[in-house]
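Participant: According to TrEMBL, the protein carries these features:
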type: BINDING; residues: Ile126, Asn150; note: substrate binding site
type: BINDING; residues: Thr151, 205-206, Asp225, 260-264, Asn286, Asp312, 336-339; note: NAD(+) binding site
type: DOMAIN; residues: 68-364; note: domain 'D-isomer specific 2-hydroxyacid dehydrogenase catalytic'
type: DOMAIN; residues: 160-338; note: domain 'D-isomer specific 2-hydroxyacid dehydrogenase NAD-binding'
type: SITE; residues: Arg288; note: site 'Important for catalytic activity'
type: SITE; residues: His336; note: site 'Important for catalytic activity'
Amino acid sequence: MALKRVGSSAVRALTSSAASSAFTRHLHASPGSKKIVGVFYKANEYASLNPNFLGCAENALGIREWLESQGHQYIVTPDKDGPNCELDKHIPDLHVLISTPFHPAYVTAERIKKAKNLQLLLTAGIGSDHIDLKAAAEAGLTVAEVTGSNTVSVAEDELMRILILVRNYLPGYHQVISGEWDVAAIAHRAYDLEGKTVGTVGAGRIGRLLLQRLMPFNCNLLYHDRLQMDPKLESEIGATFEEDLDAMLPKCDIIVINTPLTEKTKGMFDKEKIAKLKKGVLIVNNARGAIMDTQAVVDACSSGHIGGYSGDVWYPQPAPKDHPWRYMPNQAMTPHISGTTIDAQLRYAAGTKDMLDRYFKGEDFPAQNYIVKDGELASQYR
């Protein structure tokens, strides 16, 4: 069996160059003021409407007063792209960069090379693929995120999107706001979720929570992952492990993407793989947009081979106005919102503050938060 429960025996992805450079930039902060830069989306008039709206540039995770009271400099900007952006002005002398998946600051090898003082890259949320992790490892940087901070938020959102697609909700909504009334135009492709086969590609924290939330709907639940679940948990959820992804996908009425974006998963759902799916399959992707071949999704939605596509992740982000997913038929797309509910913001703001505090004190982070440590990538990114 190619996939076994042997996570602890995974081969370490540690190159000699990364190992030697890991000692060149120490994680633990040296004495003195540190320059910390945060990149968050701008909230404008919405910033003041909720005191717990911490994830925007205006409210800056709620840590400004705390940082400045300790003598640190805290620069916050939404301006992250282009040769003259605000972020690039601070790259040469920052010590810590905080970003989010919802408004990702793309930390390229070029930026890392220019960041001579950089020690720590923090993701306020989950998912650090906007960082060139190999370059970060080779430079001896530490990359960490707030693991678990928005898993519930994303799993709930995935369940919502499944129901929106299955019940053909959006055409009905559009009828109402446009003054129309045509039940047949909705009902001819509206179904019950009960009895459908739902497969998740990836069954980590979010994938497992989704499967648990699908239990009451009496679906046939399948999952593919690097590792099989504990048999007791698998039995409680009522899900079946599918070792062979290509064997699982054609069985599914609904496919949910819950795998990280890596070199192996980038463009995974291309024209050939999509052609092997059931005609009319529904796909939910809150993982990462680049896991899908953009044009292949457009073509399949246009032909009806994909019966509905919903998600909140795009590539790049923010999505340009001419991104084809905005205009393809049978889609229920939104901006990247699933993991940035107010509840999630409170959790990832607190988690970011905790790691900064540990950094200043020279303490290790919770082990599950590390994405790159001592030149080694976390197993999900290998």
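Including glycine, each Cβ sits where the backbone N, Cα and C put it.
Keep in mind that what you see is a predicted model, and the values were worked out from it rather than measured.
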Participant: For the binding-site residues listed here (Pro260, Gly339), tell me which residue's CB has the most neighbouring CB atoms inside 10 Å.
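Facilitator: Top count of Cβ atoms within 10 Å goes to Gly339.
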Participant: Which of the recorded positions Asn150, Arg288, His336 has its Cα nearest to the Cα of Ile206 (NAD(+) binding site)?
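Facilitator: Of the recorded positions Asn150, Arg288, His336, Asn150 has its Cα closest to that of Ile206 (NAD(+) binding site).
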Participant: Counting other Cβ atoms within 10 Å, pick out the least crowded of the binding-site residues Thr151, Thr262.
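Facilitator: Counting other Cβ atoms within 10 Å of each of the binding-site residues Thr151, Thr262, the minimum falls on Thr262.
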Participant: On a C-alpha basis, identify the one among Ile126, Thr262, Asp312 that is nearest to His336 (site 'Important for catalytic activity'); the candidates are the binding-site residues.
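Facilitator: When the Cα distances are compared, Asp312 comes out closest.
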Participant: What Cα-Cα separation, expressed in whole Å, is found between Pro260 (NAD(+) binding site) and Asn150 (substrate binding site)?
Facilitator: 15
Participant: Hey, how far is Arg288 (site 'Important for catalytic activity') from Asn150 (substrate binding site), Cα to Cα, in Å?
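Facilitator: Pair distance, Cα basis, whole Å: 15 Å.
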Participant: Sequence gap of 6 or more, Cβ distance under 8 Å: name the residues on the same chain that satisfy this around Ile337 (NAD(+) binding site), in order along the sequence.
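Facilitator: The list for Ile337 (NAD(+) binding site) reads Phe102, Asp157, Asp312, given in order along the sequence.
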Participant: Quick one: Cα separation, Asn150 (substrate binding site) versus Lys264 (NAD(+) binding site), in Å?
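Facilitator: Between the alpha carbons of Asn150 (substrate binding site) and Lys264 (NAD(+) binding site) there are 24 Å.
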Participant: Given the binding-site residues Ile126, Lys264, which one has the fewest other C-beta atoms within 10 angstroms of its C-beta?
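Facilitator: Comparing Cβ neighbours within 10 Å for the binding-site residues Ile126, Lys264, Lys264 has the fewest.
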Participant: Give me the Cα-Cα distance between Thr262 (NAD(+) binding site) and Ile126 (substrate binding site), rounded to a whole Å.
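Facilitator: Approximately 14 Å lies between the Cα of Thr262 (NAD(+) binding site) and that of Ile126 (substrate binding site).
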Participant: Measuring Cα to Cα, tell me the gap between Gly339 (NAD(+) binding site) and Ile126 (substrate binding site) in whole angstrom.
Facilitator: 8
Participant: If you count Cβ atoms within 10 Å of the Cβ of Asp312 (NAD(+) binding site), leaving out that atom itself, what do you get?
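Facilitator: Taking all protein chains shown, Asp312 (NAD(+) binding site) has 24 Cβ neighbours within 10 Å.
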Participant: I'm trying to understand the geometry here, so how far is the Cα atom of Thr151 (NAD(+) binding site) from the Cα atom of Ile126 (substrate binding site), in Å to the nearest whole number?
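Facilitator: That comes out at 8 Å between the alpha carbons.
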